[in-house]
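Heads up, the thing below is written out as structure tokens.
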Amino acid sequence: MFLKRWFIRALHRLQKGPGYGYSELFVWYCNNTNTHGPKRLIIEGPKKKTLWSLFTVTFACLVFWQWGLLIQTYLSWGVSVSLSVGFRGMDFPAVTVCNVNPFKYSKVKPLLKELDELVDILLEQFYSYSTNGTLPVVFPDMRSSYLTGDPPPWYQIPLVMIDETDADNPTVTNVLGTDALSPTNNSTTNSSTEARRYKVAFHLCNTNGTDCFYKNFSSSLEAVKEWYTLQYIDIISKLPLSQKVEMGYSGKDFILTCLFGGEACNYDNFTQFYHSSYGNCYVFNWGLDGNVLIVSNPGVGFGLQLALDVNQEEYIPFLTTRAGARFLLHTQNTFPFVETMGTYALVGTVTSVGILVDEVQRMGQPYGTCTTDGLDVPIDNLYSQYNLSYTMQSCLWSCFQIQMVNSCGCAYYLYPLPEGATYCNNQNNSDWAYCYYLLQDSKDHKNECLQTCIQTCNELQFRISTSMADWPSESSEDWIFHVLSYERDDSTNITMKRDGVLKLNLYFKEFNYRVITESVATNVVWLLSNLGGQFGFWMGGSVLCIIEFGEVFIDCIWIAVIRFVKWYKNRKERQVQAQYADPPPTVSELVEGYTNQGFQPDIINSCSPQAQPPDLYLPTTLEIPGTPPPKYDSLRVHPIDTEHHSDSEDL
């Protein structure tokens with residue numbers, strides 16, 4: 001009941017309003033506020049009032065300006081980065097090692113025989129053109145291979161030479177086309193006296209040939225290698241996985257010796273997987289079974305020591321132009337992107353790799369964009385088929401592969417295959433190279449992937465420092481190679497060469513790690529503190545002053561509402577009065593209007609014999625009766641009976 005009465009009184013106060021105008025409200029506020037300055041506006045003289053008005057308005061504007069900047073800074077959701085150093089036993093990273101040569105040439109040579117012969121012809125073409133400006137006639141056995149019947153697969157990616165000796169009239173020659181079978185029209189005389197300027201390019205077109213472009217290369221070496229790689233991909237993509245694994249390097253042939261923390265290990269301690277670029281690769285301490293090796297001391301003796309045999313004699317000549325191994329340090333249960341993030345190890349040397357660990361902790365929404373498991377990223381992670389964790393790199397390559405399938409109708413060989421898609425080849429996808437290079441150079445597609453893929457919230461980053469020395473030394477070369485040869489194939493003779501082996505040492509350089517942590521830079525406490533600081537500095541105010549101002553603001557609103565209601569009522573009353581232009585009737589006119597003659601008594605001689613009863617059905621000219629006037633005795637006024645009162649007094 002008490003609560004009900006309180007609400008009723010509050011409602012009456014709200015309906016009644018402040019009870020004064022704006023000027024009275026302003027005077028009341030200046031007299032009662034705790035803010036410095038407003039009181040001077042009503043107690044000082046005219047000049048000081050003007051001066052203090054200027055001060056108050058200026059400082060109030062400064063306060064609001066500073067408040068706007070502070071709120072804008074708070075809503076930017078900024079973060080601060082802190083760096084701390086810790087000491088503990090650390091998980092040894094996963095180590096992936098690959099031979100830069102994917103397959104043994106002795107096993108893959110039958111598949112590449114025709115392609116290798118064609119590359120020999122290409123090199124002869126380039127040499128002849130650069131010296132005398134002519135293209136030699138192709139060998140007769142190769143002539144029939146692409147002039148009769150259907151064109152060979154490599155014809156889908158034409159290799160052309162652009163002669164820029166005459167800058168105003170450059171000539172384009174298809175090296176493998178019909179115009180390549182005879183010398184060009186360029187004279188040999190000019191070429192002998194003037195060096196020929198030409199460049200090699202791909203002439204790529206869509207399926208119907210309506211859109212074409214040239215992909216230029218800085219040298220014929222890069223052009224031939226790139227062209228050979230595309231043809232190699234076309235051949236290898238058709239082979240089953242088991243055959244590709246069988247053509248690669250086995251763990252027994254590749255890994256000669258292994259030590260971890262002073263304990264012996266071998267290729268059985270590595271996990272083998274097939275890499276599209278490097279063939280069979282081997283991962284140490286991948287952690288797929290949940291077991292991760294921990295190191296408690298820094299130094300070479302507590303790390304991983306490997307001796308690898310890359311066997312250069314089995315290198316594919318036109319595909320692999322570098323010799324050595326490629327290794328990558330990464331976290332457990334993540335895919336090793338060796339081709340983009342790996343490091344080379346040189347043959348005939350020992351490469352020592354010191355490892356430093358950085359632990360990065362990022363903040364999520366609204367302070368940043370990161371993901372814990374990648375499930376909130378709107379891209380299918382194609383590397384999840386390996387049961388591996390999400391990484392930024394896996395998202396980028398998955399995004400590119402999905403765009404490749406959507407744009408070109410087939411998948412690129414170096415990345416995992418999406419469900420329902422097939423790898424590109426020259427027979428079924430004649431314009432796949434044209435589509436691939438357009439997609440690769442498209443900034444829109446790159447930006448789309450960069451904007452869609454986000455980093456993980458918690459990540460380990462490995463920083464490495466490398467140093468190298470010759471291995472083995474000349475004095476120890478003989479006995480080391482004897483021992484390694486015997487351990488590998490029980491041979492008493494030396495079957496290894498310096499240009500085919502290398503040693504790799506990986507260890508923690510320092511037994512500490514850095515933690516890079518993002519934290520909130522502007523929280524609510526920071527915002528309120530700075531808002532109050534600015535208000536107090538410029539106007540000497542506090543939170544209570546803001547409440548006072550809010551009270552005055554509400555009163556101003558109610559004054560405006562009440563005035564509007566009064567104005568609206570007065571307007572309605574004026575509209576009602578305007579409908580009656582004549583003066584209002586008097587009381588006598590109203591009474592006369594309510595008098596009906598039909599109810600007045602008629603003077604009829606009922607005793608007269610001639611009197612007849614009225615015919616109720618005859619039409620009458622009398623008006624329709626209205627409402628009769630009141631004739632109640634209680635409403636009649638009688639004169640005062642003075643005599644009666646006097647008599648009663650006498651009694």
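Quick reminder: no glycine exception, Cβ is built from N, Cα and C everywhere.
Note that the coordinates shown come from a computational prediction; the quantities given were computed from them, not determined experimentally.
For CYS281, the cysteine that Swiss-Prot lists as its disulphide partner among CYS30, CYS61, CYS98 is CYS98. Per Swiss-Prot, the residue from CYS410, CYS435 that shares a disulphide bond with CYS424 is CYS410.
Between CYS399 and the candidates CYS370, CYS435, CYS449, Swiss-Prot records the disulphide bond with CYS449. Cross-referencing CYS265, CYS435, CYS453, CYS457 with Swiss-Prot gives CYS457 as the cysteine bonded to CYS370, criterion being a recorded disulfide. Of the listed cysteines (CYS408, CYS435, CYS453), only CYS453 is recorded by Swiss-Prot as the disulfide partner of CYS395.
Annotation: CYS395 carries the greatest number of neighbouring Cβ atoms among the disulfide-bonded residues CYS205, CYS395 [cut-off 10 Å, Cβ to Cβ]. On its own chain, CYS408 (disulfide bond) has CYS424, ASN429, ASP431, TRP432, CYS435, TYR436, LEU439 as residues at least 6 apart in sequence with a Cβ closer than 8 Å to its own Cβ. Sequence-distant neighbours of CYS399 (disulfide bond) (same chain, 6+ apart, CB under 8 A from its CB) are ILE379, GLU448, CYS449, THR452, CYS453. Note on proximity: of the disulfide-bonded residues CYS98, CYS212, CYS258, CYS265, CYS395, the one nearest CYS457 (disulfide bond) is CYS395, by Cα distance. For the pair CYS281 (disulfide bond) and CYS258 (disulfide bond), the Cα-Cα distance reads 16 Å. Considering only the disulfide-bonded residues CYS98, CYS258, CYS265, CYS410, CYS212 (disulfide bond) has CYS410 as its nearest partner by CA-CA distance.
Annotated pair CYS410 (disulfide bond) and CYS395 (disulfide bond), C-alpha to C-alpha distance, rounded: 19 Å.
Put simply, of the disulfide-bonded residues CYS205, CYS370, CYS395, the one whose Cα is nearest the Cα of CYS98 (disulfide bond) is CYS395.
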